[in-house]
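A.B. asks: Okay, these came from Swiss-Prot:
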| type | residues | note |
| --- | --- | --- |
| REGION | 52-69 | region 'Interaction with ube2m N-terminus' |
| BINDING | 99-123, 147-170 | ATP binding site |
| REGION | 156-160 | region 'Interaction with ube2m N-terminus' |
| REGION | 191-216 | region 'Interaction with ube2m N-terminus' |
| SITE | R210 | site 'Determines specificity for nedd8' |
| ACT_SITE | C236 | active site, glycyl thioester intermediate |
| REGION | 241-247 | region 'Interaction with nae1' |
| REGION | 291-294 | region 'Interaction with nae1' |
| REGION | 330-337 | region 'Interaction with ube2m N-terminus' |
| REGION | 351-356 | region 'Interaction with nedd8' |
| REGION | 367-462 | region 'Interaction with ube2m core domain' |
Amino acid sequence: MAEGEEPEKKRRRIEELNEKMVVDGGSGDRSEWQGRWDHVRKFLERTGPFTHPDFEASTESLQFLLDTCKILVIGAGGLGCELLKDLALSGFRHIHVVDMDTIDVSNLNRQFLFRPKDVGRPKAEVAADFVNDRVPGCSVVPHFKKIQDLDETFYRQFHIVVCGLDSVIARRWMNGMLLSLLIYEDGVLDPSSIIPLIDGGTEGFKGNARVILPGMTACIDCTLELYPPQINFPMCTIASMPRLPEHCVEYVRMLLWPKEKPFGDGVVLDGDDPKHIQWVYQKSLERAAEFNITGVTYRLTQGVVKRIIPAVASTNAVIAAACATEVFKIATSAYVPLNNYLVFNDVDGLYTYTFEAERKENCSACSQVPQDMQFTPSAKLQEVLDYLTENASLQMKSPAITTTLDGKNKTLYLQTVASIEERTRPNLSKTLKELGLVDGQELAVADVTTPQTVLFKLKFIS
């Protein structure tokens, strides 16, 4: 409305808009108005040169989007805000969003669903409220929790899952969850059990979008080598010769936290807990002052602890649009979906490239067969642990290793529970033979990167 309009004129204009509304199904819900979905109908109620060969234009596809299709968005940050907006305006009206984070003032420059008054509130709840208020008829249901806190029944209800995450671990866990929902009959995959995963990621002016059909195409773990490893600083530098503010934060995170246990025994440092970050920040300042290092800030501390990646709003918009387009293609079957990996880069000019990521036959996540591990009988369990964490195809974080000996389950090593870690630590220095393991022995490995236990088959070599 033009600025300075008289109240009476404003009122008349609002009444005119209301008169154009069409009651949807006689329910009294004025969430539909004449021509609201014309932009979507142009794609679904006529054919064109790019439509899927088997697509038949009809009104049913739009009704499926509006009334039936359920979409799960993981993450309500930079990508997530864009995704929620794009999906809601594309006709998807049944959306759930999961995010465990709260709004920080640094989010406001690019996460446009949030306002200064929202700082400190859960991202999922604020984003859902904003979209529900702004897009009539759309129902966004928020879940302020970790993805690991939701069970199989929850995930099974959705037609498509779309991720806007900044964590490789969370991506892998979500990938593993959708793989665990697959149903096989006599070794043949039941297509109706497949829940497509659309994954987007950004880093500065670079981004990617991919389409994953669990059990059919390359999964996250099949292409794990594509994700850059986290930057780690040498321990000797952190402990004795710090030169950067990041060194001070890493010193507190890696050495002081487990030593001083400021919040009790067994409490893991949580990058989303303000009390934890404040403690690390204060200790980092003390460490920096000791070595005359400047530049330690609260924001830097949180960035180092959470491994925060720089974000650019325009990149988020492009990748979210690509992901939302793929969701639309798959939900309606109107167009052939991406096959299956899109790369975007606008550092120098504009560059995009699409290629087909290939599925790994021996992928530890989706291959359905135990992966071979080759060691000598004299190799120590520590070497197996190093293999699980350092191998580019596995990149596990805190693997727990169990096996079956004499018909009983035996935990060889588990580091996430302090009492069990202390009891099983001596096993790390023992050889595989001393532990009673034999050629062909199956090892079950659990890790934070997957909701499933991963099976490995031990193969002794000379």
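Cβ atoms here come from the backbone N, Cα and C positions, even for glycine.
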A.B. asks: So which of 156-160, 291-294, 351-356 is most in touch with the region 'Interaction with nae1' (241-247), counting Cβ pairs under 8 Å?
C.D. replies: 291-294
A.B. asks: Quick one: do the region 'Interaction with ube2m N-terminus' (52-69) and the region 'Interaction with ube2m core domain' (367-462) have at least 3 Cβ pairs under 8 Å, skipping pairs fewer than 6 apart in sequence?
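C.D. replies: As far as Cβ distances go (cut-off 8 Å, pairs 6 or more apart), the region 'Interaction with ube2m N-terminus' (52-69) and the region 'Interaction with ube2m core domain' (367-462) do not touch.
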A.B. asks: Suppose we draw a 10 Å sphere around the Cβ of Q157 (ATP binding site). How many other Cβ atoms does it contain, all chains included?
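C.D. replies: Looking across every protein chain shown, the total is 11.
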A.B. asks: Using a Cβ cut-off of under 8 Å, list the residues of the same chain at least 6 residues beyond the region 'Interaction with ube2m N-terminus' (330-337) that approach it.
C.D. replies: 43-44, 50-52, 54-55, 61, 64-65, 69, 71, 92, 159-160, 196, 198, 211
A.B. asks: Among the binding-site residues listed here, G120, G164, which has the most company in the form of other Cβ atoms within 10 Å of its Cβ?
C.D. replies: G164
A.B. asks: Looking only at Cβ atoms, how many others are within 10 Å of the one on L150 (ATP binding site)?
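C.D. replies: Within a 10 Å radius of the Cβ of L150 (ATP binding site) lie 15 other Cβ atoms.
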A.B. asks: Report, as numbers and ranges, which residues of the same chain sit near the region 'Interaction with ube2m N-terminus' (156-160): CB under 8 Å and 6 or more residues beyond its ends.
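C.D. replies: For the region 'Interaction with ube2m N-terminus' (156-160), the list is 69-72, 96, 181, 195-198, 327, 330-331.
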A.B. asks: Would you kindly list the residues that approach the region 'Interaction with ube2m N-terminus' (191-216) from elsewhere in its chain, counting only those six or more residues past its ends and only Cβ-Cβ distances under 8 Å?
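C.D. replies: Cβ under 8 Å, 6 or more out: 78-79, 83, 155-156, 158-166, 171, 174-175, 178-179, 181-183, 309-312, 315-316, 318-320, 322-323, 326-327, 330, 337-347, 357, 366.
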A.B. asks: Under 8 Å Cβ-Cβ from R210 (site 'Determines specificity for nedd8'), six or more apart in the same chain: what's there?
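C.D. replies: Looking at Cβ-Cβ distances below 8 Å from R210 (site 'Determines specificity for nedd8'), excluding near sequence neighbours, one finds I198, D199, G200, L338, N340, Y341, L342, A357.
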